Every structure is written in C-alpha cells, then in structure tokens.
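Student: A single structure is presented below for examination.
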Amino acid sequence: MMQLTTGERQLGAIVLIALAILGIAMAAAGRTDVLGIHGAMVLLYSLALLFLLFSSAFGPEPSPARLTRYYDDPIKVGVGLTLFWAIFGMFIGVWAAAQLAWPILNFDTSWASFGRIRPAHTSGVIFGFGGNALITTSFHVVQRTSRARLADQFSPWFVLFGFNLFCLIAVSGYFLGVTQSKEYAEAEWYADIWLVIVWVTYFVLYVRTLALRKEPHIYVANWYYMAFIIVVAILHIVNNLAVPLSFAHAKSYTIWAGVQDSMVQWWYGHNAVAFFLTAGFLAMLYYYLPKRAERPIFSYRLSILSFWGITFFYMWAGSHHLHYTALPHWVQNLGMTFSVMLLVPSWASAGNALLTLNGAWHKVRDDATLRFIMMAAFFYGLSTFEGSFLAIRPVNSLSHYTDWTVGHVHAGALGWVAMITFGSLYTLVPAIWKRERMYSAALVEVHFWLALVGTLIYVFAMWNSGIIQGLMWRTYSPDNTLVYSFLDTLLAMYPYYIARAFGGLLFLIGAIVAAYNIWMTVRAPSAAQLPLDEDLPASDRPLDGAAPTPAE
Amino acid sequence: MPEVMHRKLERTATGFMLAIIAAASVGGIVEIAPLFTIDDTVEAAPDMRLYTPLELAGRDIYVREGCYACHSQMIRTLRDEVERYGPYSLAVESQYDHPMLWGSKRTGPDLARIGGKYSDFWHVNHLNNPRDVVPESNMPSYRWLGTTPLKLSDLPLALRAQRAVGVPYTDAMIENAARDAYGQAVPDSEQSSGVTERYGEATQISAFDGVTTNVTEMDALVAYLQVLGQLTRAAYENPAAPQQMPDPDD
Amino acid sequence: MFTHETLVEGSKMWGLFYLVGFSICVLIYTFLPANRERFERAEREIFDKDDGPWT
C-alpha cells in the first residue's frame, strides 16, 4: 500500500470506517442471530485493514514515477490469497470426501457435518481459489494487453479485499448454518448485496482500464474477462433475489418458487460453470499459453468465433440439469440441444490451444508449467465433451444423481480450472516479482505429477462409482422387480469414496507444494541481472521487434 | 487526435459490452419467461395445503444442515424411480417451495415421498445416529437437533416473508405461527386445535421427538420429513402418469 | 392473452431467428477483410517485450 496517494489513503480510511460502522450496525441488529456474528466479523475485518492502512498513512507522497509502471501490488496480494483459498478449499474437500467413507469424521459436531462443509468446499474453491485467481490474473492481463496502468489505485484494493470479505462471510456462514441452499449461490442476502457492490466496482475498474489502452483492438483475453464479469453479475442478481425475515435476520426466502426456481437456479448454476469457471479461465489460457510457449495463438479468428459461441450457447444449456423432472419437456430438449451444440465452440477453444503448441512439443516436455497449461486444455476438451454427452437425455437418465456428475465436475475443476490456474501462476509469479524463474523447477515438476495423478484417480473413481450406482438403481430381475435396494448401491460405493479422497489428497499436497515454491520464489533475492530497460515505457522501442514466428 | 481517438475507443468497449449482454441474455429469457405461464398447463391441486409453521421450521433446518446435498426431492419420470420411490414428482407439488429442494445428487435416497413411510420414532433414532438403525449408512448423525430448542419467536416473521414471496398464508396463520408450532408438537395441548383448524384435518399432530415438554429442532425436522409428498394427492390421482415414462432401455 | 403454448412457440421462434442473425453478424465481423490486420497485430502484440505502460 506504499504507493497510495494521500487522497487514496483518505478514501480508503473513509470506506473502511463506513464498513466498520456497518459491521457494528449488523452486530447490534442481529445480536444472537448469525447476522450479529457476521457483523462482528465485518467490524474486525475493516479494523484490521484500517490498521494496515494507518501503519503507512503518514509516509511521504509516492513518486509520480510510479505512473510509468504497471500497478502490481494488488496482484502480489492476490496471489497469496489465491493460494490460501486453494489450500483451504481443497482441504475441506478432502475432509468432506473422507466423511463419505468414514462418517465419524465430523466428530459429532454440527459445524463439521457433511451438509455444512460441502458448500464451504465448493465456495472455498470456486469463489475463494477460482475468484481470487481470476481477479489477480485479470489485473495482470488487462494492464499488459492494454499497455496501460490500472485506472486508479483504490479500486483494485477495494475489489480484492471486498471480494475476500464476501468469501469469508459466505464460508463462515455455512459452518454456522447460514445458507440459501442454492448450489454455488449459498451465501445469504447481505453477502449477496455486498458482492454486487464489489462486482460493480470491478466492472467499472476494468472498463476504465480498457479505455486507457493504447491499442484500438481489445485483446481477446479481455473479452473473456469482460464476459465473465458482466454475465456473472446478471446471473448473481437474478438468482439471488430474496426476501429476508427482517434486516436483523440472516435467513431469507428466494422469490422464485418450485419449477421457476429450479430453472433459475440451474440457469445460474450451469452458467456459473460457464462464465466463472470457463470464460475467465479461457482468458488465462489465451494470454499465458502464448506467452509461455512464446508462440502466437494458432488462430485468432477461431478464438473470436468460439468466444461468441460460448457466450451465446451456454446460456441455454442449464436445463439439462433437470431432465425427466417436472420441468416442461420443451425446456429440457432446448437445454439438451444447446448443450450438444456447445461442443463446437468448446472444442474450437481446446483445439486452438493444443494447435498453438504444435511445433513446440519439446517445450511441453521440458517445461512443467507449459505442461500444466497443455494438460488444462486437454482436460477442458475432455470435460466439455463429457458435458455435452451427459446432457443427452437418455445418458442423463443414468448419470444424474450419481457420482458421474461429481467426476465430470472435478475433471473440469481439477484438470482444467486448477491446472490452468497453476500454469498461469507459475508464469505470473516470476514476472511480477522480477525473478528469472521459479525457486525450484523440480517442485513444479513434482506438483504437476501430483496434480495429474490425483485428478486421474479422482475422476476414474467417480466414473466407476457413478456408472455402477446408476446401473444398479435400474437393474431388474427376470421377474421384473428391482434387484438392488438403495443400501446395496451405497455399499458398492465405499471403495470408490476412499479412492476419491486419496486422489483429492494428492491434489491438495500438490497445492501445498505450489504455495511453498511460490513463497520461496518471492523470498529469493530480486534478480538484479534482469535488464533494466524492462521497466521503461515501451514507446521508446520498436513495436514488433520481438515478435516470434507464427505457428505453422 | 488523442481526444477523438479516446472517444472512439470507449465506443468500441461499450458496443462490445452490449454485444455480450445481447448474446448472453437471450437463452435465459427464452427458457425462463414462458415458465411463468406454466400455471395454465400444470395439473391443478385443489387439495394442496401449506406447510405448517413447524414444518416450515423443519424445512429451514433441512436447508441449514445441507440435507439437499445428498438427498433429492424429485422423482423423475423413469420406471425404476417410480417403482423405487413412488409416483413421479409433479410441478404443482413444489409450487409453494421457496426455494425448491429438488437436489442434484443421491448419496442417500430420494425423499420426495418419504412422509409416512417410517414412524416418528424411527426418524428420531435415525437422525440421532443413522448407524443405530442402518449399520452401513454414511449419513452424519444429528444428535444436537433433539437438544436444541426451536426458536418459535421467529416463526411469524418467517411466515410473513413466505407470504411476501407468494405463499398464501393468512393473517391468522402468521399471528398464530408460534402457537401452532407448539400445538403441533404437543398433542392434547390447548394450542393443538388451532393447527387443524388453520391447516386442515389431515395435519399430523404428534410428539415427534417423543418428548412433549418442549419443542425442539428435532420435532420440526421430523414433522417436515413426515409431510414430504403428503401436501397433495395430485401425484397419485393424475391420469397422465405413465405417459412420459420412457423405455428403460433407451 | 398469452397462453403457455403461444409464448413457448413465440420464444422458440424468436430465439431461432436471433441465433441465426447473431451468427451471421459474428461471422461477418470475424472474416471482414478490414479486420484482418488488427487481428494479426493482436496475435503478436502480447509478445512486445515491455514491462511498463505506454505513455
């Protein structure tokens, strides 16, 4: 925060004091309700940040020279937050997985029972890990591709800390039993309102920075980040419309009922996957893949076509979560049709990524970071194919309600989302901290194999358990009666639940290795050997002097 | 030149954002908007009753504990599901459900028609420690429900919020919410008669957790589980039942 | 007024026209010869070795 001007420090102080007052108001109104506890947390959170701000409040005015450099301080903090949530969210995930195999692992407490830690896992990894990774990398990519510094120094901090306050309120709420029960939108009304404020700030900051760009064309990675920001806002607001018991209660009821609620929920749920877990991470792919491989993207036009395809088609696909339910038949069929069509832009993206690497496979062999990105593109192709396949009604009749869905989600979440994130982080960290390379290439290699083996064990376990259970549920004896009781099918699951927990554990260990490696990279002495002119404005240099050869 | 250039750049960005909204909003509109006329087409259920305050409180506990993460409440139009769980779920059955709890995963069995299948006593034992009743179960135990008193004072607010989102609770129901919750869990108390008066003769009044001295969260949750699938008989009487059932082999 | 059926028909038909129209616009934008240069430039510009904003 050393670069903040006096005006920005004052603005920060005003916002934090307002937030602290809001916390006191929540605590006073909510009292013994969980809202009161959350009020106290808001108060402590804002006071802690206020303390940080004041500890450098009376320093000298920052040098104007800062404006000739990119603003990377929020990115550095964002990397730390990303890794914290990664380890936290994955740990809760492993714990939840272990509880399915050994139910005593909640130690007979309410807060650690499966139903409460499951949303803590999903929100922890999706919003905590994924969200922080998206915000962090978007600040990096938008500055580099626009050749412009972030539009101001206050908003990035507001977005980053505001978003993490949302994550904190959401996740702590689940342990305390505060949830809307809407999957991936469990946070209650006050957290949802706060997220809207943060998100609008994020949007305005992003657009203002784009408006400062020195290129007439907006690089395609920014398109994906923009789609992520805009569409998530729409989804979030519509799905979370709710009426609270009172302003002193955490509990609320959604305005949507029954069938409409199911459609709104899965329109949200599926597009949270599309625009939170796909669009934003494709943005990472379109920037960090060419950067790392030092090759331009195979076809820029194809990336544009697949962008519009994904933006358009995904929004129709949500109803495939509701096959054979009380949702009208025509909506189910529309969802199925568009889910299958979605394969075209999805594979166009995956193919574009893999073809970019054509001719650079020796780099993939030698560089575990690039291999992370390559594997991510591969798993993206795999899980989008699986997604379209599972959206077909008769297939879905077997897979739905089983672990196959869970396996599918994790092929995407571990194989695609987490791997592209780690690949991007390993590229970003040395660049931001001005290090020549990561602390240990060997540890990146170790992480890669832990992540890959962990993902494969997890996914294969869930494919097996899902298909076995789906088949057992519908097995008939020759005299036309169901052969297996529900309990028979549960018993068949136990070995797979143990295998799944083990696969997840490997993945978690990989994340810990990554955090250690990044920590040691940051701690290493700054590489003075980096050429000084790296920090100079680019206008002094020819524009396309360093353009690499195109892909063949 | 920079001025003109700048304005042009901004226009590009704005147009681009509008294009994203145009592309992304249409799918949702096409699929969601017609659903608000669904009342024209779905089966009517004139016998449908509302959740009593105690059942609603139980539903909120079901939500709080994340039961929906492992139990669906949506029997699909597939032969094996209908034979295993009962008649497939109709849209009308969740018309007052804010939120719906259809679920997405069956780590445990579907609960859409669990009401009445087991005794209150069985449910209480099962919730206290599932492995006492089903040794192979991997469900968490919910011992604390039986010792945590139900917060009756919030119930009028809960019913009022439900009415605000469209559930037709009457003023009398809201006013007497706490009384009715007590009456439903304490049979033969003076509060009991009001429950059947307001919610219908079929309402089950019982000492759900086996103890009549207080109303606990266990009372509420068991009352809710016992009413699942019991709010209307529409699913049993609907003549169109087998129509949508596809061939199990396809 | 609107019954469920007419609304469903209407929204499906409108959705289809919208899909076709939108696809045509996107294809034109992507393959417009005037845009070729800017796309090719965008492909390369991220490699320009600089680590500071342009002034």
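Glycine is no exception: its Cβ is also placed from the backbone N, Cα and C atoms.
Pulled the feature table from TrEMBL, pasting it below:
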type	residues	note
DOMAIN	A:34-552	domain 'Cytochrome oxidase subunit I profile'
REGION	A:533-552	region 'Disordered'
TRANSMEM	A:37-58	transmembrane segment
TRANSMEM	A:79-102	transmembrane segment
TRANSMEM	A:122-142	transmembrane segment
TRANSMEM	A:154-177	transmembrane segment
TRANSMEM	A:189-211	transmembrane segment
TRANSMEM	A:223-247	transmembrane segment
TRANSMEM	A:267-289	transmembrane segment
TRANSMEM	A:298-317	transmembrane segment
TRANSMEM	A:337-360	transmembrane segment
TRANSMEM	A:372-393	transmembrane segment
TRANSMEM	A:413-433	transmembrane segment
TRANSMEM	A:440-463	transmembrane segment
Student: Taking 3+ C-beta pairs under 8 angstroms (sequence gap of 6 or more) as contact, is the transmembrane segment (A:122-142) in contact with the transmembrane segment (A:223-247)?
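Tutor: They are in contact.
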Student: At a C-beta cut-off of under 8 Å, are there same-chain residues at least 6 beyond the transmembrane segment (A:189-211) that contact it? List them, or none.
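Tutor: Distal contacts: 26, 35, 38, 135, 138, 142-143, 146, 148-152, 155-156, 158-159, 162-163, 165-166, 169-170, 173, 218, 222, 225-226, 229-230, 232-233, 236-237, 240, 242, 244, 250, 252.
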Student: Kindly state the mean pLDDT of the domain 'Cytochrome oxidase subunit I profile' (A:34-552) in the predicted structure.
Tutor: 90
Student: With pairs fewer than 6 apart in sequence excluded, do the transmembrane segment (A:37-58) and the transmembrane segment (A:267-289) have three or more C-beta pairs that lie under 8 Å?
Tutor: no
Student: Hey, which bits of the same chain come close to the transmembrane segment (A:37-58), Cβ under 8 Å, at least six residues off its ends?
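Tutor: Here the qualifying positions are 1-2, 4, 9, 12-13, 16-17, 19-20, 22-30, 161, 165, 168-169, 172-173, 176, 178, 190-191, 250.
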